[in-house]
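Here is what TrEMBL records for this protein:
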- 48-339: domain 'D-isomer specific 2-hydroxyacid dehydrogenase catalytic' (DOMAIN)
- VAL102, ASN126: substrate binding site (BINDING)
- 136-313: domain 'D-isomer specific 2-hydroxyacid dehydrogenase NAD-binding' (DOMAIN)
- ARG181, ILE182, ASP201, PRO235, LEU236, THR237, ASP238, SER239, ASN261, ASP287, HIS311, VAL312, SER313, GLY314: NAD(+) binding site (BINDING)
- ARG263: site 'Important for catalytic activity' (SITE)
- HIS311: site 'Important for catalytic activity' (SITE)
Amino acid sequence: MVGEKKGEGRKKIVAVLPKGGPAAKNPKYLNCVENGLGLREWLESLGHIYITTADKEPPNSELDRNLLDTNIVITTPFHPAYITEERIMKAPKLELILTAGVGSDHIDLHAAAKKGITVAEVTGSNVESVAEDEIMRMLILVRNFLPGYLQIINNEWDVPAVAVKAYDIKGKTVGTVGGGRIAYEVMKRLKPWDVKRLYYDRHQKADRFDKMGVQWEKDLNSFLPECDVVTINVPLTDSTRGLINKETIGKMKRGAYLVNNARGAIVDQDAIIDALKSGQLGGYAGDVWPQQPAPSNHPWRHMPNHALTPHVSGTTLDAQVRYAAGVREMLEDWFQHKPFPEDYYIVREGELAPQYH
Ligand code: NAD
């Protein structure tokens with residue numbers, strides 16, 4: 001193989017990215033097979049082998065065909081390649097898995113830890129992008145925006161039909177499940193809006209929330225009934241999978257709104273549909289799905305009062321620049337045997353980062 005002639009330290013790196021298609025003509029559109037996070041020229045100038053592919057479905061995808069001699073895999077939550085234990089076992093040379101973005105639940109972290117593989121992500125790289133998007137989705141739901149928009153497209157004009165379910169966000173209570181980086185950016189942005197702000201996090205109260213006047217609830221059961229709008233900002237872990245389910249939705253105010261840009265599997269898919277149909281939830285918005293890409297017949301596409309999109313909030317052009325730079329920074333460190341910034345590590349020397357415990 002070509003790669004083995006050019007000396008030690010040469011790595012084979014496989015990045016699994018979505019196809020950009022026409023978007024790839026924009027050189028700023030980095031998160032695609034064609035533009036390869038902007039890393040190709042640099043990696044190849046160092047003598048490394050760099051493969052970018054969108055082909056990721058097991059068992060015979062390009063990713064699978066390369067596992068045997070790949071050293072580094074780069075994945076992205078926007079086109080998740082599931083790095084299962086089975087794949088890890090088929091990759092004897094795999095030493096590093098990088099997430100271009102934030103959220104590494106598509107990787108079997110325990111299996112990586114067991115094999116001594118390092119997993120890291122570009123912590124903080126797109127938190128503002130996601131926070132802005134969450135504020136937008138809250139407003140879309142609370143103001144009942146989409147029915148009015150659809151009226152215009154359908155050549156209709158019916159103010160009462162929209163306004164009968166439209167509210168101000170002023171004076172409402174907005175709560176976040178999770179009090180990490182995205183939650184902080186969301187609460188910061190809501191500060192001048194005259195809303196009561198709450199957060200629930202199973203970890204300690206955080207000073208920075210206190211300083212902004214955001215109240216802490218240590219119990220999900222007392223937090224949920226307080227909120228008119230709940231936004232979810234926790235990673236997908238064993239403790240958060242299905243956290244929002246029939247029972248917890250039942251604790252929310254009738255007609256409250258739910259925004260989820262965290263991960264689809266944090267909510268129970270059918271409980272969301274039932275709650276929208278019964279009116280227990282006034283609306284559901286977000287960009288993350290239990291399966292990505294969502295199949296064309298996914299029931300969430302047609303449920304009432306939703307404001308869902310494909311997984312886009314954390315991949316604005318600005319965010320792409322930041323997380324592509326973070327991936328490069330980590331590769332540079334790795335090649336020089338230097339440590340990454342501390343909070344980039346998700347699995348290090350067999351240990352999982354605290355947010356994944
Ligand atoms: P973060 O690590 O800064 O914060 C996560 C917070 O969740 C931590 O404070 C942690 O204590 C808390 N937490 C963990 N488990 C909990 C539990 N069971 N109950 C209550 N709190 C719990 O992470 P972040 O940067 O704020 O990102 C959060 C998640 O958002 C990511 O893990 C990722 O899944 C998702 N995300 C989505 C996009 C997107 O494009 N849609 C982009 C970035 C991140």
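Positions of Cβ are set from backbone N, Cα and C atoms, glycine also.
Selection of the binding-site residues VAL102, ASP238, ASN261, SER313 by a Cβ distance under 6 Å from ligand 1 yields, in sequence order, VAL102, ASN261, SER313.
Taking the C-alpha positions, the distance from ARG263 (site 'Important for catalytic activity') to LEU236 (NAD(+) binding site) comes to 6 Å.
Of all Cβ atoms in the protein chains displayed, 20 besides its own lie within 10 Å of the Cβ of ARG181 (NAD(+) binding site).
On a Cα basis, ASN261 (NAD(+) binding site) lies 12 Å away from ASN126 (substrate binding site). ASP201 (NAD(+) binding site) sits 18 Å from VAL102 (substrate binding site), taking the Cα positions as reference. HIS311 (NAD(+) binding site): 23 other CB atoms within 10 A of its CB, across all protein chains. The two recorded residues, ASP238 (NAD(+) binding site) and VAL102 (substrate binding site), have Cα atoms 17 Å apart. When the Cα atoms are compared, LEU236 (NAD(+) binding site) and VAL102 (substrate binding site) turn out to be 11 Å apart. The Cβ of SER313 (NAD(+) binding site) lies under 8 Å from the Cβ of ASN126, SER129, VAL130, ASP133, GLU134, ASN261, ASP287, each of these being in the same chain and 6 or more residues away along the sequence.
Cα-Cα distance from VAL102 (substrate binding site) to ARG181 (NAD(+) binding site): 11 Å (rounded to the nearest whole number).
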